[in-house]
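Engineer: What TrEMBL shows for this protein is this:
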| type | residues | note |
| --- | --- | --- |
| TRANSMEM | 17-34 | transmembrane segment |
| TRANSMEM | 40-61 | transmembrane segment |
| DOMAIN | 122-333 | domain 'Histidine kinase' |
| REGION | 331-395 | region 'Disordered' |
| COMPBIAS | 364-376 | compositional bias 'Low complexity' |
| TRANSMEM | 422-438 | transmembrane segment |
| TRANSMEM | 444-460 | transmembrane segment |
| TRANSMEM | 472-503 | transmembrane segment |
| TRANSMEM | 548-573 | transmembrane segment |
| TRANSMEM | 593-615 | transmembrane segment |
| TRANSMEM | 635-661 | transmembrane segment |
| TRANSMEM | 681-700 | transmembrane segment |
| TRANSMEM | 712-734 | transmembrane segment |
| TRANSMEM | 746-770 | transmembrane segment |
| TRANSMEM | 777-796 | transmembrane segment |
| REGION | 876-895 | region 'Disordered' |
| COMPBIAS | 880-895 | compositional bias 'Polar residues' |
Amino acid sequence: MNADRPLDGIRSIKAKLGLLVAASIVAASLVSVIGDRAGVPGWLTLPVTIAAALGVTHWLARGMTSPLREMTVAASRMATGDYSRRVTATSADEVGLLADAFNTMAADLAGADQQRRQLVATVSHELRTPLTAQQALLENLVDGVVRPDDAVLRTALAQAERLGTLVGDLLDLSRVDGGRAPLDLAPVDVRALVDGAVAEAGVSRRGTVHVVDVPADLHVTGDRARLEQVLANLIDNADRHSPPGGRVTVSAGPDGPDRWWLMVADEGPGIPPEHAHRIFDRFGSGDDAGGGTGIGLAIASWVCELHGGSIAAVAPPGSQAGARIRAVLPRTPVPPTLPAADRHPSPPLQPPITSTPSTDAPTEEATVPAPVPAAAGSTPRTSAGPGPGHTAYAGVPTGVPRPVIDGLFGDLWPEAGLRPQVRLLLLCLGVGVLSGVVLPYRRIGVALFVVLLVGGVVLWRTTERRRERWSVLSSVLCVALASLSVLRAAEWLTVIAVLLGVVVLTTALTDAKGLLSLVAGVASWPLAAVRGLPLLGRTVAVTSRIQVLWPVVRTVAISLVALVVFGGLFASGDAVFGSWAQALVPQLAWDGLTFRFFVGFVMGGALLAAGYVALNPPRVDRVALPGGRPVVRLWEWVVPVGLVVALFAAFVVAQAAALFGGHDYVQRTTGLTYAEYVHEGFGQLTTATVLTLATVALAVRKAPRSTARERFVLRVALGALCALTLVVVASALHRMDLYQQAYGFTLLRVLVDAFELWLGLLVVLVLVAGVRLSGWWLPRAALVSAAAFVLVGGLANPEAWVAQRNIDRYQETGRIDSVYLSTLGADAAPTIVGGGLPTALADCIISHQGASGPDDGLSWNLGRSRAAALPGLAQPAADSSCSTFWQTDRPTPVP
């Protein structure tokens with residue numbers, strides 16, 4: 001089986017497609033089952049499963065479509081005049097049959113192209129000789145060097161007759177190509193036919209002697225004009241190749257009851273054996289010394305075939321010299337059936353006119369560049385066509401065909417001039433191996449930070465934008481966000497920091513500035529796994545040509561197999577050797593190896609995709625909304641925005657009434673307690689803040705700004721809306737604060753507070769942009785502010801802050817949600833122990849968290865290290881006091 005085309009033996013393209021789908025499903029299912037059995041999380045198994053299915057699909061489909069790709073290349077080369085490209089046709093299906101037909105067509109076109117080139121070269125050569133002689137003769141006549149006597153005029157006539165002969169041959173050739181040559185059959189006296197042809201040939205005065213050997217009673221049926229054409233061409237060819245005084249013999253005779261033969265023999269140099277097979281090809285004369293065009297014998301062969309006969313060169317008997325051309329024809333030919341479109345009479349043919357020119361200009365050999373057939377799948381270079389990158393016709397490229405992926409992404413993500421990236425591929429593989437070794441079975445800590453840092457360095461060295469100010473700032477933010485994995489034990493905080501770092505990273509790699517550009521930059525990372533496949537294929541192909549790389553990989557693989565096999569045998573056969581092996585070799589179970597492979601594959605693949613974005617960033621600046629058309633009348637946008645401003649003002653008045661009216665006013669007006677009142681409206685206020693930002697963006701697109709008045713109205717209206725929005729933000733934050741004072745603090749409520757506070761900051765930034773009427777910097781400013789919020793919040797230790805607020809509330813009210821405190825992570829443990837709770841209560845809460853296993857150097861984390869040093873967490877209470885506490889304590893429920 002051919003590894004490159006494994007499905008070649010299948011004779012149906014439908015069956016191949018079915019097998020391709022089945023193999024992809026089997027591969028995906030197998031990888032999914034392996035990951036599930038090894039306990040790999042679903043978010044790690046999914047990308048590996050997709051990659052396995054796509055890999056199998058690519059392997060099988062590549063062999064199926066390889067002939068089509070080769071045909072695309074060959075067709076593009078044909079457009080430049082190069083017909084030497086061939087397609088590898090090894091499959092037995094419909095594509096293979098198409099490849100065979102394509103190769104046949106290419107061979108035919110190559111032959112036709114070669115004949116065309118020979119025609120141009122030969123005709124140019126043949127026209128130049130008489131034209132040069134005529135030009136010289138006419139110049140002599142004009143200058144008075146010679147007088148226009150009979151000899152001079154005969155010379156001019158001879159040159160004109162030679163031109164007429166060439167034009168007549170070309171006309172006959174065009175009729176051969178068009179097939180417009182019906183036979184005009186009639187009885188023919190062969191002896192009279194030959195005598196007439198010999199008599200006409202004698203006019204040429206070439207100094208040859210013509211001998212006729214034809215029975216007088218030989219009568220046949222044929223097209224007399226066509227047969228005269230055959231004789232004229234054969235005798236002319238013999239005369240040209242015969243020495244002065246040589247004898248040309250024309251003979252004919254019966255060949256059985258149904259056929260007759262015609263032969264012309266000369267005493268010239270003869271036909272070289274290596275040229276005998278091509279003398280009847282167009283322009284394929286056996287010897288160029290005679291000065292013929294190479295068309296006459298081709299026409300003679302065509303006339304014989306038209307009569308149902310044949311013509312060939314036969315060897316002379318014995319040691320005789322010369323050439324012998326023998327035609328065998330039927331006595332009564334059957335006229336060929338022509339298509340209806342071609343059933344019209346052809347112009348009458350005239351036999352070639354021959355005469356002896358008195359002046360011949362020096363001649364040169366006309367050379368024709370012949371394309372050299374290339375092996376299937378190769379890219380030959382010939383003189384027939386232009387080099388790579390040129391086109392013979394507009395829109396027809398040459399060379400390697402454009403990959404389908406290029407058409408998928410179009411001008412938004414072109415790929416031009418990218419060389420194979422062997423170094424980047426090896427670095428990503430190294431990071432993948434590092435991730436598979438250090439990350440599995442370890443909690444977040446130093447190992448994750450090191451992997452993120454190494455990957456960031458690889459991307460920083462790969463991108464060309466690393467020295468830009470925005471890239472430097474993004475790099476600092478990414479490192480700071482990644483450091484939270486070492487400083488804090490909260491996994492949710494690390495996830496938020498890493499995701500936000502991805503946004504910052506892709507923005508730096510793609511130089512995104514607008515909102516949609518930021519979104520497109522983030523989307524480019526996963527899409528790079530598809531966009532970068534052509535470059536990955538070229539890189540892998542280059543690595544296969546590195547003489548040292550694959551031998552080293554092969555040697556390492558064989559060495560590992562030998563080490564495992566023989567080491568396992570010796571370890572199981574000898575207790576001492578087994579103890580040494582157990583001490584030196586880590587315990588690697590099959591599930592562990594699978595888990596490590598999945599982690600390494602995902603991390604290395606993600607870095608490779610990001611590396612492609614760094615090498616070839618997409619044109620995210622083109623991803624933008626079309627320019628908004630401002631409204632014609634000012635009131636068309638002022639009225640809707642004014643209504644929104646009025647609603648916001650009414651809401652602010654309502655908040656003021658509730659604030660100054662107090663609990664009684666709220667309960668009397670709404671029937672709700674104050675706690676219920678503040679809890680109900682927080683989500684709606686947050687949504688109103690987000691919608692306000694969208695309203696401002698829409699108003700900016702539609703509001704005209706051509707005059708100072710229009711700009712002033714825009715500033716006032718949107719400024720008022722943003723100012724009232726800030727009041728809404730303050731109201732929302734106040735409501736959440738009151739709610740937490742009543743029911744306690746939680747991480748979710750703190751995060752919602754932080755999000756609302758960040759929205760308020762965005763509103764302030766929008767106010768600044770409105771004053772300047774320039775907001776191109778807003779998306780990046782929003783991104784930096786979000787990163788700053790996460791970074792400052794992470795450094796402030798949100799879990800410890802929540803724990804401390806609940807402890808302060810306990811000291812004020814005596815109420816505490818101990819169950820919720822026990823769910824906080826290691827970051828909150830020091831605060832719970834030393835924050836002011838009674839020692840017994842703090843110890844029970846800490847002991848309920850449970851003691852985690854010790855961390856090694858790669859798992860070290862500041863939050864878990866500080867928590868591990870607490871006595872309550874390291875030594876859980878052994879008595880029943882905490883159990884009694886959890887059974888009797890009734891913490892305040894959390895709505």
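Think of each number as a place in line: the chain as shown, counted from 1.
Each Cβ is built from the backbone N, Cα and C atoms, and glycine gets one as well.
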Engineer: Hey, which bits of the same chain come close to the transmembrane segment (40-61), Cβ under 8 Å, at least six residues off its ends?
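Structural biologist: Distant Cβ neighbours of the transmembrane segment (40-61) are 6-7, 16, 19-20, 23-25, 27-28, 30-32, 533, 594-595, 598-599, 601-602, 605.
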Engineer: Under a criterion of three or more Cβ pairs within a distance under 8 Å and sequence separation of at least 6, are the transmembrane segment (422-438) and the transmembrane segment (593-615) in contact?
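Structural biologist: Yes, the transmembrane segment (422-438) and the transmembrane segment (593-615) are in contact.
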Engineer: Need a quick answer: max count of Cβ pairs under 8 Å to the transmembrane segment (635-661), which of 712-734, 746-770, 777-796 is it?
Structural biologist: 712-734
Engineer: Which whole number is the mean pLDDT over the domain 'Histidine kinase' (122-333)?
Structural biologist: 80
